[in-house]
Amino acid sequence: MVVYTQKETLVQALSSTKKIGKIGFVPTMGALHNGHISLVNKALGENNLVVVSIFVNPTQFNNNSDLQKYPRTPDDDISLLKKLKGEIIVYLPEVSDLYEDAVSAKHYNFGGLENEMEGKHRKGHFDGVGTIVSKLIKIVKPDTAYFGEKDFQQLQIVKKLVSIENLPVNIVGCPILREKNGLAMSSRNKRLTAKQFEEAAIIYRTLNEVRKKFSTTSIADLNTLVAERFLQNPHLKLEYFEIANEKTLKTAKRKTKASKYRAFIAAFAGEVRLIDNMPLN
Ligand code: PAF
């Protein structure tokens, strides 16, 4: 496994590899967990070579303290990747390798997807995600790129980005991996205390309850139920709960038979912001 820190040398290495088969790409911000590893393993199963980028992208953080405190464990990440079977290249750049002039994001119109949920609560977040994913895809030129469904809104936005920018890459969404208590695996979980880790399971429990009651309960009643569940647990602060149309990501006020719905939660355990989602029908 080779680790490149500069895009020029990465591109050089990939230009010779391109001739021998398919390239899969797993973009990450590091602090790798089994969720990431499942993406890398899927990519290894479907490609001849997999590029994993590890880069904490500053332009997608709307909160400087969140950026500073984002877990960074490059040595552990590399050791984890070394254990996998298959050909992996790691791209571990400094900020200046990807943002040569200014550390700023391009402004995107993702057809409204960017204005819902995460977009409302993290201003400019998806401009940052779009900017970095576009840069990385143009450098790596993968056949297929893999994204986790934990960031379901991000996955839809990346699909839109690829169509807006005409990027010749196939985007694949992969299922959420969960801890034993149901908490969705996330790099941010590394910042939770043992107690917060246990309490954060309320997110999964509540989503599951909503899923079970979805066919027999109105959306208004489900909204009330979730608010109550979080009020009963003072350690987790609900930022939003939404039942949204899976395609448009617009908040659903009532159900229609032909539509697919998903429930989304963002909540704080202390300073740590956690998100999760679940299909409902
Ligand atoms: O999901 C993430 O880890 C990041 O948003 C991504 C896609 C690597 C872009 O920085």
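Note: Cβ is positioned from N, Cα and C throughout, glycine not excepted.
The ATP binding site annotation in TrEMBL covers 29-36, 148-151, Leu177, 185-188. Look at Gly35 (ATP binding site): DSSP puts it in a helix. There are 22 other Cβ atoms within 10 Å of the Cβ belonging to Gly35 (ATP binding site).
Using a 10 Å radius centred on the Cβ of His36 (active site, proton donor) and all shown protein chains, the other Cβ atoms total 25. Annotated active site, proton donor per TrEMBL: His36, in sequence order.
Neighbours of Gln60 (beta-alanine binding site), defined as other CB atoms within 10 A of its CB across all chains, total 21. Annotation comment: TrEMBL describes Gln60 as beta-alanine binding site.
All protein chains considered, the CB of Gln154 ((R)-pantoate binding site) has 23 other CB atoms within 10 Å. Here TrEMBL flags Gln60, Gln154 as (R)-pantoate binding site.
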From recorded positions His36, Gln60, Gln154, the one whose Cα lies nearest Leu177 (ATP binding site): His36
Neighbour tally for Met29 (ATP binding site), based on other Cβ positions within 10 Å of its Cβ: 19
Contacting recorded positions for ligand 1, chosen from Met29, Leu32, Gly35, His36, Ser187 when the Cβ sits under 6 angstroms of any of its atoms: Met29
Alpha-carbon spacing, Met29 (ATP binding site) to His36 (active site, proton donor), which is rounded to whole Å: 10
